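A.B. asks: Below is a structure I'd like to ask you about.
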Amino acid sequence: MTAILERRESTSLWGRFCNWITSTENRLYIGWFGVLMIPTLLTATSVFIIAFIAAPPVDIDGIREPVSGSLLYGNNILSGAIIPTSAAIGLHFYPIWEAASVDEWLYNGGPYELIVLHFLLSVACYMGREWELSFRLGMRPWIAVAYSAPVAAATAVFLIYPIGQGSFSDGMPLGISGIFNLMIVFQAEHNILMHPFHMLGVAGVFGGSLFSAMHGSLVTSSLIRETTENESANAGYRFGQEEETYNIVAAHGYFGRLIFQYASFNNSRSLHFFLAAWPVVGIWFTALGISTMAFNLNGFNFNQSVVDSQGRVINTWADIINRANLGMEVMHERNAHNFPLDLAAVEAPSTNG
């Protein structure tokens, strides 16, 4: 008789902690990226909620005219926002300990920089966490690649654009009205609607919505019935079953007859790759467009009106867009400068008399 004795390996506290962090058996996977994601996301969320409710007005333009953004200072859910850090701070790193007092930090919009930097770090870690979980489960990494599109867009708006413009005060205010404010100012200063990368982004977002709706409706309409006509089609399936639940050939045939034969996919993998790639590539281009316009590589402009042989202006749609842009720029930071930069940079025309 042979007895085999095995020595029980003692696992250190650090080893047990590492196993728990990287375990795929947890209800929610943590991962090493999650170790950084959780505190940064909680910090950004907590400060956002507190500042949205109670932050005092912020001197966004650096001209001693503070702007209110919180609920307790007269705003509602629609008009409220976290006001960006003051132009007086520019791009300086502005933690609480850099200010003479907490009141000064709040007056200069310190919470905005704190929220944005923690938020960007947390969403980047969330993307890394997606890759980490995919790796440990033996999956391919494309979920994290797809998520990189909104991460790139957020980074472009909250970090690259302020860097290009020279101040965090040019960042997007964190609120519903703040989003619209950035859109209007962006159009006025960069003519974003005439930028080809923005056009690709619009095609990606709206096209992705259209394709998702088409795909979902086709799948739902071509289920393989496992029940009688008197029972719900849903009763014939169980969650996670290996058998196909819908007939892609039927869906392909329907769509091919509805438009034309080659407008539909007969391969499920090709179809789902297309559904993922279309909006992701579009949003990548939008983020790239924001990043280039941050350094004033703007959309197409038609600042010179079309004139006839007599020198008379032929009014075009471009003239209307130009006037709208100038009007929006006049209203933006109206107390910080008297004229839009486009007008202030041009010499005054000479007049006879």
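Just so it is clear, glycine is given a Cβ too, placed from its N, Cα and C backbone atoms.
Dumping what Swiss-Prot says about this protein:
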MOD_RES   T2  N-acetylthreonine
MOD_RES   T2  phosphothreonine
TRANSMEM  29-46  transmembrane segment
TRANSMEM  118-133  transmembrane segment
TRANSMEM  142-156  transmembrane segment
BINDING   D170, E189, H332, E333, D342, A344  [CaMn4O5] cluster binding site
TRANSMEM  197-218  transmembrane segment
BINDING   H215, S264, F265  quinone binding site
TRANSMEM  274-288  transmembrane segment
A.B. asks: With Cβ-Cβ distances below 8 Å as the criterion, list the same-chain residues six or more beyond the ends of the transmembrane segment (142-156) that contact it, or say none.
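C.D. replies: Beyond its ends, the transmembrane segment (142-156) has Cβ neighbours at 119-120, 123-124, 126-128, 130-131, 134, 276, 279-281, 283-284, 286-288, 290-291, 294.
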A.B. asks: Which range wins on Cβ pairs under 8 Å with the transmembrane segment (197-218): 29-46, 118-133, 274-288?
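C.D. replies: Result: 274-288.
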A.B. asks: Run through H215, S264, F265 for me and report the binding-site residues whose CA is within 10 Å of the CA of H332 ([CaMn4O5] cluster binding site), in sequence order.
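C.D. replies: For H332 ([CaMn4O5] cluster binding site), the binding-site residues whose Cα atoms are within 10 Å come to none.
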A.B. asks: Over all shown protein chains, what is the count of other CB atoms within 10 A of the CB belonging to E189 ([CaMn4O5] cluster binding site)?
C.D. replies: 20
A.B. asks: Given the binding-site residues H215, S264, F265, which one's Cα is the least distant from that of D170 ([CaMn4O5] cluster binding site)?
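C.D. replies: That would be H215, the closest of H215, S264, F265 to D170 ([CaMn4O5] cluster binding site).
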A.B. asks: Other than H215, S264, F265 themselves, what residues in this chain have Cβ atoms within 8 Å of the centroid of the quinone site's Cβ atoms?
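C.D. replies: Going along the sequence, the neighbours appear as M214, L218, A251, H252, F255, L271, F274.
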A.B. asks: The transmembrane segment (274-288): which same-chain residues, six or more beyond its ends, come within Cβ distance under 8 Å?
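C.D. replies: 142, 145-146, 148-150, 152-153, 155-156, 197-198, 200-205, 207-208, 211-212, 215, 265.
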A.B. asks: Is it possible to get the count of other C-beta atoms within 10 angstroms of the C-beta of H215 (quinone binding site)?
C.D. replies: 17
